[in-house]
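Visitor: The following block contains the structure, expressed as structure tokens.
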Amino acid sequence: MRLLVTGGAGFIGANFVHLALREARTSSITVLDALTYAGSRESLAPVADRIRLVQGDITDAALVGDLVAESDAVVHFAAETHVDNALADPEPFLHSNVVGTYTILEAVRRHNVRLHHVSTDEVYGDLELDNPARFNETTPYNPSSPYSSTKAAADLLVRAWVRSYGVRATISNCSNNYGPYQHVEKFIPRQITNVLTGRRPKLYGAGANVRDWIHVDDHNSAVWRILTDGTIGRTYLIGAECERNNLTVMRTILKLMGRDPDDFDHVTDRAGHDLRYAIDPSTLQDELGWAPKHTDFEAGLTDTIDWYRANESWWRPLKDTVEAKYQERGQ
């Protein structure tokens, strides 16, 4: 299979490329990435001689068309993803997430190429903390941030192109990921690298917000399963049934790093901070036989901490800029 991976130099995309090559799942991989602050050549350095990396904008219709024409399938990760950045400036999110997805859809329509579109559980809004319900494939969309609204718009474009033009596409909505190569602006790597650089970890508000955590390799194994075995036009929800509130995750990280679990600062909460995300992955499990492998959250966190300890040269150049932005916001 000749595979085009958009956003393949970002966190989840780069890990997907590593997984596909590690398990010999494809004959060739082309990565299209704008290499903005969140994309890094270094994330692909271990496999650089086995892929083709093209730097370019996902909205460049001519470039995208040429790359899609050479491919048997496209996995579309490319997106702006950080909620705090979307609150400060939503325009790049509209550009990449909405116009970028439209550009991909037009290219795969023209060349009749299989597409898998990667999305987020944030399109469903949030759940009350005391509500046992979980998101499933029939949950109505109710996005609450500039980020999630652009991802919801992208999902709906994919659905419309499937129905109107017969595009061969699937969608997945996944819960919060963790693992290697995640940018230090994100919650888990921020706390790990704060400890490693002698800074105090920072927790938004009281830390009661609940997230459903999944290791990035489990997410990507599900994406591959959907790409190869999923039903065209379907949406699949990906989760590992690992709900933790942010306070618990913070204390677990500190404990695993040999620190006092209460040695952190409470900082200003995010505006409109969603309360709880929770995914019911039963359709994916029952229909496609997928199951996560990284089911021990503490073991997964330990591996992630070890990766950041061993790869300071990857994240250290990013750290000061990220923390300066957080400091400006009182976070």
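The backbone N, Cα and C atoms fix where each Cβ goes, and this holds for glycine too.
Okay, so Swiss-Prot annotates it like this:
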- D121: active site, proton donor (ACT_SITE)
- E122: active site, proton acceptor (ACT_SITE)
- Y147: active site, proton acceptor (ACT_SITE)
- 11-12, 33-36, 57-58, 77-81, S96, 147-151, N177: NAD(+) binding site (BINDING)
- T81, T120, N176, 186-191, 202-204, R211, N246, 269-273: substrate binding site (BINDING)
Visitor: Cα within 10 Å of D121 (active site, proton donor) is the criterion; apply it to the recorded positions A34, D57, Y147, S148, K202, H273 and give the hits in sequence order.
Guide: S148
Visitor: Using C-alpha positions only, work out which of the recorded positions E122, Y147, R211 is nearest to A78 (NAD(+) binding site).
Guide: Y147
Visitor: Can you check which residues sit near R270 (substrate binding site), meaning Cβ under 8 Å from its Cβ, same chain, 6 or more apart in sequence, and list them in order?
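Guide: Set apart from R270 (substrate binding site) by at least 6 residues yet with Cβ under 8 Å, we have V83, D84, L87, Y204, G205, Q331.
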Visitor: How many neighbouring Cβ atoms, not counting its own, are there within 10 Å of the Cβ of A78 (NAD(+) binding site)?
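Guide: I count 29 other Cβ atoms within 10 Å of it.
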Visitor: Note down the number of other Cβ atoms within 10 Å of the Cβ of H273 (substrate binding site), including every protein chain shown.
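Guide: Around H273 (substrate binding site), other Cβ atoms within 10 Å: 15.
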Visitor: Just how many other Cβ atoms lie inside 10 Å of the Cβ on Y147 (active site, proton acceptor)?
Guide: 24
Visitor: Give me the CA-CA distance between K186 (substrate binding site) and K151 (NAD(+) binding site), in Å, as a whole number.
Guide: 18
Visitor: Near K202 (substrate binding site), which residues of its chain come within a Cβ-Cβ distance under 8 Å, counting only those 6 or more away in sequence?
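Guide: The answer is R190, Q191, N194, F264, D265, V267, Y326, Q331.
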Visitor: According to DSSP, which kind of secondary structure is A78 (NAD(+) binding site) found in, if we only use helix, strand and coil?
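Guide: Assignment for A78 (NAD(+) binding site) reads coil.
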Visitor: What three-state class does DSSP give K202 (substrate binding site)?
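Guide: Assignment for K202 (substrate binding site) reads strand.
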Visitor: Which residue, of the recorded positions D57, D121, E122, has its CB surrounded by the fewest other CB atoms within 10 A?
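Guide: Relative to the other recorded positions in D57, D121, E122, D57 has the fewest Cβ atoms within 10 Å.
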Visitor: State the Cα to Cα distance, in Å, between A34 (NAD(+) binding site) and Y147 (active site, proton acceptor), rounded to an integer.
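Guide: On Cα coordinates alone, these residues lie 18 Å apart.
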